[in-house]
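Copied from TrEMBL, the annotated features are:
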type     : residues                                                                               : note
DOMAIN   : B:6-322                                                                                : domain 'Phosphofructokinase'
SITE     : B:D110                                                                                 : site 'Important for catalytic activity and substrate specificity'
SITE     : B:K136                                                                                 : site 'Important for catalytic activity'
BINDING  : B:T137, B:I138, B:D139, B:M181, B:G182, B:R183, B:E238, B:Y295, B:L296, B:Q297, B:R298 : substrate binding site
ACT_SITE : B:D139                                                                                 : active site, proton acceptor
There are 2 protein chains.
Amino acid sequence: MATNGKVLIAQSGGPTAVINQTLAGIVLEARKYTQVSRVYGALRGVEGIVNEDLLDLTQETTHNLEQVALTPSSALLSTRIKPDSKYCHEIFKVLKAHDIRYFFYIGGNDSADTARIVNEEAELAKYDLRVIHVPKTIDNDLMLNDHTPGFGSAARFVTQAFMGVNLDVRALNGVYIGVVMGRHAGFLTASSAIARKYDGDGPHLIYLPERTFSMEQFLLDVKEVYDRYGICIIAVSEGIRDASGAPIVTKLRESEKDAHGNVQLSGTSSLGDLLADQIRAKLNIARVRSDTFGYLQRSFFGCVSDIDQHEAREVGERAVQMAMWNDVDGSVTIRRTGNYSVDYVLDRFEDIAAQTRVMPDEFINSAGNHVTDAFKFYVRPLLGSGLPQPSWVRAPKVPKLFNND
Amino acid sequence: MATNGKVLIAQSGGPTAVINQTLAGIVLEARKYTQVSRVYGALRGVEGIVNEDLLDLTQETTHNLEQVALTPSSALLSTRIKPDSKYCHEIFKVLKAHDIRYFFYIGGNDSADTARIVNEEAELAKYDLRVIHVPKTIDNDLMLNDHTPGFGSAARFVTQAFMGVNLDVRALNGVYIGVVMGRHAGFLTASSAIARKYDGDGPHLIYLPERTFSMEQFLLDVKEVYDRYGICIIAVSEGIRDASGAPIVTKLRESEKDAHGNVQLSGTSSLGDLLADQIRAKLNIARVRSDTFGYLQRSFFGCVSDIDQHEAREVGERAVQMAMWNDVDGSVTIRRTGNYSVDYVLDRFEDIAAQTRVMPDEFINSAGNHVTDAFKFYVRPLLGSGLPQPSWVRAPKVPKLFNND
């Protein structure tokens, strides 16, 4: 029998385009259960718990929650704090004081680890508490998950961006470098491959953190493509590393570190500029451009995958159902059960926590500068329906009257 | 009476999300007239004319042209060449040889100047030729036009980007700088103002090329906003200049110049990085991020204003009608005739050519760091229908049980 008490929800880490779908899924489902006396939301993740910055979401309208669900980024705000066991003890103290009996934490692998420690605190204290970690990350780097909510929409943005870049560079020639988010996992950068429709479309080259980046090989690759097509469109992960494992970008500037000791790779465009400068200097190509997609790719308002929306909503709903009906703790994971269908399973925190999933070898070509069809088959359904399709003019050439050659 | 002969169409300059609507409008309308024997398209603007790289668009299907119309960037490809009178003479030679009697040139003010010279060549040679310049530019900087095709869709992208940025920065705090295109005119950067919905939403500060940029005042502005809101979101034009008129970005790196002698302001993110570094150093704020919207804002496939689409289509259709029915030459301009409605007028090439329209004073606030309501009223209809609306959670606070302050 499920315990009577309150529900608490928090969101953590980098926002996504659909994380509020998960919030709405949890709140709306939790409000259906008689044993749930209140549904609280903590502001700024664990910070809001420790500081008791809590909202009573039981008093939020269903209609507004549906509007919030369509709004990108974390409606309960977020935090980069990674709690140690002392911090987790503070969290538990507040949960207990407020008679929280169901704690849903939406986030990545760090959040799964927090959920694990809080759950242990509860068991030690013999306090009846259900703790469920609900997955979220555009990086798509959580263990056991076929993919994670938030990834599909970010991947769709990257794909649509490169579709436009293909057309833009085709019109004006030159070399283009698009720097995409993804510290350790290249899934998001790799998604740019879906932008290819016509022969000669980019991205012609894709560089991922899963493969060692060599500037020499990079320049050879670019030269080969440019000589063949007269253009070269490149997708590069912000996380590409050299043989020593050092991020290429760290060779450029003193990068700030966040609370997790992670080097800041986004919010600066040095990597794109460095690569562009190298191409100008070594290959002496005049028109070289670089863009860093930056924060637009995770929070642009108006580019979302409907599949991603549905799953983000459902994973929240299922999380509540698991806690209420099965009296269990753990991390909800998404498994692919068909082409295309998914189901949700509860796994142990420790199998998700503080680990990172990267792209399997079968998704990366042997040269390490592009993806395989296996990856395209994997990623396409996640982008959702109604992806735009570029069309070229294909009219016959007019015979020349003069001799210009 | 309109002359019998061929029609030639070319596209020039930076691509837009709707320039192919104009192409389709011209081709489909021109194919209706019995005096038109063929509709040609030149590849890469004037380059394609001089090299006789021409396509026979009479043989392109209507259905594919409708698909092309929905595709961003220049379907006939583009060029940055600015023809001198010798080059224009070469153009005229080819037009005459192919019995081109109607020349439609889609582009910005440089293209209007090219159209002017080619038209003079024809008059000198007593060759019956209709020359019509059709407006296009995301910069919205053409004289006499209320606005230009391509601007509305780019402005919509910038607005939706800042809507997402507002939510992202609100969730994680800090300072954010978004660098927007616009060499001389701030219209596109200013459009970010439409992203504001809630009190405290950004952009809190908007810096335009129309006002002198002072680093000292900039830092004071940022500090004031950050002290009040705990966040600061800034929209900056790539073209901001100091008192001497020198672009701020040129102080940073050797910037390449294009064929027009224009310094390259896009495709590098130095400006955003410089401003971010200044804020970190002088105001000692830890989390400072900058993005340069770069090429996404003009060619992202999937963010378009329906108003912009309609007008881009119609301006092409009207251009053909003017040439066929009125036997005239000139530049088609868009005039606002209601809230919201437009009409199309033919103006003299020289009133458009080689001149740049900037934001009128009534659109910029007195401090020179934001826009007025007059500008918001002006720009809103151009973004089109169905603009997304962010929604915040507004649930009551839960009373605290502990003393945390």
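Using N, Cα and C of the backbone, Cβ positions are placed for all residues, glycine too.
Remember, TrEMBL labels are computer predictions, not curated facts.
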Average the per-residue pLDDT over the domain 'Phosphofructokinase' (B:6-322) and send me the rounded value. 93
Cβ neighbour count (within 10 Å, all chains shown) around B:R298 (substrate binding site): 26
Cα of B:E238 (substrate binding site) to Cα of B:K136 (site 'Important for catalytic activity'), in Å and rounded, measures 20
Any idea which of the recorded positions B:D110, B:D139, B:E238 has the thinnest Cβ neighbourhood at 10 Å? B:D110
CB contacts for B:L296 (substrate binding site) [other CB atoms within 10 A, all chains]: 29
Quick test of understanding: given the recorded positions B:D110, B:K136, B:T137, B:D139, B:L296, B:R298, name the ones whose C-beta is under 8 angstroms from chain A. B:L296, B:R298
Within its own chain, what residues at least 6 apart in sequence put their Cβ under 8 Å from the Cβ of B:T137 (substrate binding site), listed in sequence order? B:G13, B:G14, B:T16, B:G107, B:G108, B:T148, B:G150, B:F151
Would you mind listing, in sequence order, the residues at least six apart from B:G182 (substrate binding site) in the same chain with a Cβ closer than 8 Å to its Cβ? B:D139, B:D141, B:L188, B:T189, B:L208, B:P209, B:S237, B:E238, B:G239
CB neighbours of B:K136 (site 'Important for catalytic activity') within 10 A? 29
As a whole number of Å, the Cα atom of B:D110 (site 'Important for catalytic activity and substrate specificity') is distant from the Cα atom of B:K136 (site 'Important for catalytic activity') by 11
In angstrom units, rounded to an integer, how far apart are the Cα atoms of B:L296 (substrate binding site) and B:K136 (site 'Important for catalytic activity')? 17
Span of B:T137, B:I138, B:D139, B:M181, B:G182, B:R183, B:E238, B:Y295, B:L296, B:Q297, B:R298 as binders of substrate, largest Cα separation rounded to whole Å, comes out at 16
Determine, to the nearest whole angstrom, how far the Cα atom of B:K136 (site 'Important for catalytic activity') is from the Cα atom of B:R298 (substrate binding site). 12
